[in-house]
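Undergrad: In case it's useful when we look at the structure, here is the feature table from TrEMBL:
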- 56-74: transmembrane segment (TRANSMEM)
- 124-146: transmembrane segment (TRANSMEM)
- 167-186: transmembrane segment (TRANSMEM)
- 192-211: transmembrane segment (TRANSMEM)
- 246-265: transmembrane segment (TRANSMEM)
- 272-293: transmembrane segment (TRANSMEM)
- 369-388: transmembrane segment (TRANSMEM)
- 394-414: transmembrane segment (TRANSMEM)
- 421-442: transmembrane segment (TRANSMEM)
- 462-493: transmembrane segment (TRANSMEM)
- 534-639: domain 'STAS' (DOMAIN)
Amino acid sequence: MAPSENESEHVEELGVKEKNHSKTVQWVLNPPEPPTLWCEFTGSIKAALPSKSRPIWSHVMVFLNGLFPILQWGRNYNLRMFKSDLMAGLTLASLSIPQSIGYAGLARLDPQYGLYTSVVPPLIYAVMGSSREIAIGPVAVISLLLSSMIQKSADPSVDPTSYRKMVFTATFFAGVFQAAFGILRLGFLVDFLSHAAIVGFMGGAAIVIGLQQLKGLLGITHFTNKTDVISVVRAVWVAVHQPWHPHNFLIGCLFLIFILIARFLGRRNKKLFWLPAIAPLLSVVLSTLMVFLTRADNHGVKTVQYVKGGLNPSSASQLEFNGTHVGEAAKIGLIAAVVALTEAVAVGRSFASAKGYHIDGNKEMTAMGFMNITGSLTSCYVATGSFSRSAVNFSAGCKTAVSNIVMAITVFLALQFLTRLLYYTPTTILASIILSALPGLIDIGEAYEIWKVDKQDFLACIGAFFGVLFCSVEIGLLVAVTISFANIILNLLRPRIQMLGRIQGTDIFCSVSQYPVAVKTPGFLITRIDSSFFSFINANFVRDRILSWAVEDHTSENSDEAGQKVQFVIIDMSNVVNIDTSGIAALEDIHKKLVSHGLQLMFANPGWQVIQKLKLSKFIDKIGGDKIFFTVGEAVDACLESKKEFSMC
């Protein structure tokens, strides 16, 4: 009997579908060989290198342009841009000079070392860095970090020489690590300190720094070396019950109020951007004149006294690589390198986005590394980008990194000719300048946003905050990183396994939980693994979840009565980037268990690395290549066709 016209059309349509399915199966089963980890690593490095087809001089120029961005933007530099950079650099210097002296005290170093750090590192960064607005120099957080960690190995009040050597050695290691991160394109390592962790860390550090400044603000002679809030408050409590001179507190508070009012006026009126920038330097000048004219230093007001001037002396001979503390110096250098890079890259990117250009994180790390290596050889400690000074630089209208050069030259001239004038500068003024810069480090609004958006991320924020506040700087960082890793592991341990349904009238399958309009296909259990890595850490969880759904649905009396009993299980693996042997073993267990219950297992769109490993492990041979599909819709249609053929037979 000849087949009817409808049957002929059905056979023809079936043949077309089978032909299309065979094509897509070949695409999925026979992709190109995926790159190995070594190829991906070397490829990222080769991508940064010039092509071999170019002549040698072209290679040299590309290398030099990449290493020294000033060679690129310097070609278009003109007098109009220099005028803007000159004004910005002078404004920046007026803020940098008093801040650098104050931060040196926070780092437990003599005042001149803060000024040294504002001379050499900015010059190196200006020719190697890619940010136009970032202002380089000492910052409060790094100063606190170095002093809190190094004084455990060398007490600056007992042996200042050993302490200084430790600072320079840690700075050298920080530069080496930063340069290595940039050259090897390992910028992702900085991301281990999440944004939330940095917000909490900065807030805790700001409070600790503020409490530390009570020593200068109150004129306290004997103070604790510890940085936790309990020790500092106890030291202040003991000190205020001893004889002390209130003149220090009065002078400090008077000029602190002056600086804060100047900052308020500068924010209210953008034309007065220079006022908050020059206020700290003006405070130093006025307070110094006040002490000199009234001879307040004879009445208990503590002054800076001697500041060594002149060009940065070499500190190469003070680096120690064979002492008992070299390992500790390397550890401190690594922590300082990561924190400094995180702050600098965040500052650079924020201002670059405002100006509409992009900075290369790896180039920034290389520039930071070389400037700190050079700084360690020229009596500088770890320098990085300062948000407050960068904001001043931005507001002052800087055009290029030449503003850093102008600032460095101005600070150098101050070292040459003005250090003698600092003899009568009260230390309480330096404490006031540091205190005035701290509110910018405490971002309560951002912490609240983190709480609203992601409670787990907020744990890292609050962990870093309380770790710094009640323990130490390094403990705070450790707590933040630990909580961040715990969140990652928790998400890997229990990935989301979604049940998928079809949007009516389309070939789109999506989560039935997220989209209630998606309808489950009768007789099918369609799932999706929402994890990029199907591995030993989550293999058992994924296996148990899928099997529990499939077997429970298959043996349920309700599903049998309604004619909805599961016959096909489809696993959408489009989100799975990689798989290990434990993941493959879990898939084998799923397949065996489903077969024992008379169910068929299908896979849709396995990733590049996944399909390669499934082929190498012979798993594809066990289940059959016809069980691999390009899309979920294709898998469902193929199962429905086979079900229809079976029923016709």
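Glycine residues also receive a Cβ, built from the backbone N, Cα and C atoms like all the rest.
Worth saying up front: this structure is predicted, and the values here are computed from it rather than measured.
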Undergrad: With the transmembrane segment (369-388) as the reference, find which of 56-74, 192-211, 272-293, 394-414, 421-442 contributes the most Cβ pairs under 8 Å.
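TA: Comparing 56-74, 192-211, 272-293, 394-414, 421-442 against the transmembrane segment (369-388), the winner is 421-442.
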Undergrad: The transmembrane segment (246-265): which same-chain residues, six or more beyond its ends, come within Cβ distance under 8 Å?
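TA: Residues 216-219, 272, 275-276, 279-280, 283, 286-287, 290-291, 296, 299-302, 426-429, 431-433, 435-436 contact the transmembrane segment (246-265) from elsewhere in the chain.
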Undergrad: Are the transmembrane segment (192-211) and the transmembrane segment (462-493) close enough that 3 or more Cβ pairs fall under 8 Å, when only pairs 6 or more apart in sequence count?
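TA: With 3 or more qualifying Cβ pairs, these stretches touch.
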Undergrad: What is the average pLDDT across the domain 'STAS' (534-639)?
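TA: For the domain 'STAS' (534-639), the model's average pLDDT rounds to 86.
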Undergrad: Go through 56-74, 192-211, 272-293, 421-442 and flag the stretch with the largest number of C-beta pairs under 8 Å relative to the transmembrane segment (394-414).
TA: 272-293
Undergrad: Going by DSSP assignments with H, G and I as helix and E and B as strand, what are the residue counts for the domain 'STAS' (534-639)?
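TA: Each residue of the domain 'STAS' (534-639) counted once, the result is 63 helix, 15 strand, 28 coil.
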Undergrad: So what's near the transmembrane segment (421-442) in sequence-distant terms, Cβ-Cβ under 8 Å and 6+ beyond its ends?
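TA: Cβ under 8 Å, 6 or more out: 98-99, 101-103, 105-106, 111, 140-141, 202-203, 205-207, 209-210, 213-217, 219, 248-249, 251-253, 255-256, 259-260, 263, 280, 283-284, 287-288, 291-292, 296-297, 301-307, 387-388.
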Undergrad: For the transmembrane segment (124-146), could you work out the same-chain residues 6 or more beyond its ends whose Cβ comes under 8 Å from its Cβ atoms?
TA: 67-70, 92, 96, 99-100, 103-104, 106-107, 114, 117-118, 167, 170, 201-202, 205-206, 208-209, 212, 227, 332, 335-336, 339-340, 343-344, 347-348, 351-352, 355, 357, 359-360, 363-364, 366-368, 370-371, 374-375, 381-386, 389-390, 392-394, 398-405, 407-408, 434, 437-438, 441, 473-474
